[in-house]
Structures are given as structure tokens and as C-alpha cells.
Amino acid sequence: MAAKPIAQSGMENFRKVRTSEEESPLPFPNLPPGVVEMKVKEGSKIRNLMSFAMAQMELKGSRQIVFSGCGRAVTKTITCVEIMKRKLGGLHQVTKVRYKTLLEVWENQNPLPGGAAQNLTVHKNVPSICILLSRDPLDPNQTGYQPPEPREVGEDASSPSAKGLKRPPPPTREELLPKKLQVAGASSPQGSGTRDSQTDGHY
């Protein structure tokens with residue numbers, strides 16, 4: 001029973017100093033040479049990722065791009081893909097899910113007197129996702145394929161769906177007046193011009 005607290009207190013002296021991913025080839029056959037891979041990390045900023053990715057697809061004319069992330073970065077990877085699909089449209093997609101090995105190096109902050117610093121290397125298997133986006137058609141029979149989402153006609157600033165329903169006309173002067181004044185004006189035997197001048201004095 002006494003060994004468990006000692007082990008726990010020993011681990012508290014260790015601090016994670018480095019994390020690295022196991023290198024593995026992309027799970028997509030027949031990729032063009034030099035295809036851009038966007039490696040999404042947990043601390044990556046989506047704005048920076050998308051600025052670079054959109055420049056590759058729009059300015060440099062890349063036909064395909066890959067987004068990859070593992071562990072806690074999986075959700076951010078999917079978010080980047082959805083943003084690009086919405087901005088560009090007409091993109092074919094193939095999604096591959098697998099596991100990757102992370103290597104974590106932990107360093108002992110309180111080594112024994114006269115002894116060398118002790119490091120621990122921890123191997124962790126975490127879920128990983130790779131998503132290929134392509135302007136060119138892909139094999140629809142391969143696992144994880146998704147066809148381009150159909151664009152809805154008129155989805156722009158000038159379309160009724162973007163503007164919403166037609167705005168109602170502005171309220172009339174009578175509708176803006178307090179109800180008491182409207183009732184009093186309606187029961188008055190005088191003309192509308194006299195009623196308006198009287199109401200203007202009280203409003």
C-alpha cells in the first residue's frame with residue numbers, strides 16, 4: 001500500500017517536454033507530386049490555416065489538398081474542411097480514419113543527486129483523420145468518398161433567400177400616434193386637417 005503514493009509522487013516530478021507524431025504516408029493512392037498537406041495541430045489557428053489553404057487552391061491553382069489531424073485536433077480538422085467546401089464548392093472528398101502513434105518525452109525535474117537526468121518516453125495511440133479535397137473527380141467506389149454538395153441556385157446576396165422576406169411598409173402616421181389620440185381624433189366632428197393640427201399640439 002505504501003508503494004502507490006511513492007509512485008504517484010515520483011510521476012509528479014516529470015514534465016512533458018516534447019511530443020512528436022509517428023511519420024506515416026498519406027492513405028490516398030495516386031496523389032499528384034507535391035500535394036499540399038495541411039497538418040492541423042491542437043493549437044493551430046483556423047484563420048491562419050484557411051488563409052494558406054485558400055491561397056493554394058485559388059491563387060496557385062492546386063487541384064487537390066489534404067487536411068490531417070490527430071487527437072484533439074480532429075474536430076478542428078473537420079471544421080477547416082467544411083469551411084473550404086462552403087467557400088469553394090464542387091469539391092470531391094475522401095475521408096480516412098485511422099490511428100497514429102504519438103511519442104511523448106517526459107523529463108524528471110528532480111533527478112537523484114549525482115545521477116543523470118531521467119527521461120521517460122510514452123507511446124500513445126490516438127485517433128487520426130485524413131481528408132482529401134479535390135476539384136477533379138475521384139473514384140466514387142472507394143471507402144469514405146463523398147460527392148460534391150449541390151449548390152443551391154440563387155444563394156447569393158441578391159437572392160430572396162439571402163435577403164429574407166420583403167420588408168413591410170413603414171407604419172403610417174396614424175399608427176404611430178398613441179391610441180387615445182387616435183380614438184379622440186376619430187370621434188371629433190372636425191376634418192382630418194384640423195384633427196392633425198390638434199394632435200400635433202398634444203403629441
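Each residue, glycine too, has its Cβ placed from N, Cα and C.
Pulled from TrEMBL:
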- 185-196: compositional bias 'Polar residues' (COMPBIAS)
- 37-100: domain 'DNA/RNA-binding protein Alba-like' (DOMAIN)
- 1-30: region 'Disordered' (REGION)
- 137-203: region 'Disordered' (REGION)
For the domain 'DNA/RNA-binding protein Alba-like' (37-100), provide the mean pLDDT of the predicted model.
95
Per DSSP, what is the residue tally for the domain 'DNA/RNA-binding protein Alba-like' (37-100) in helix, strand and coil?
32 helix, 20 strand, 12 coil
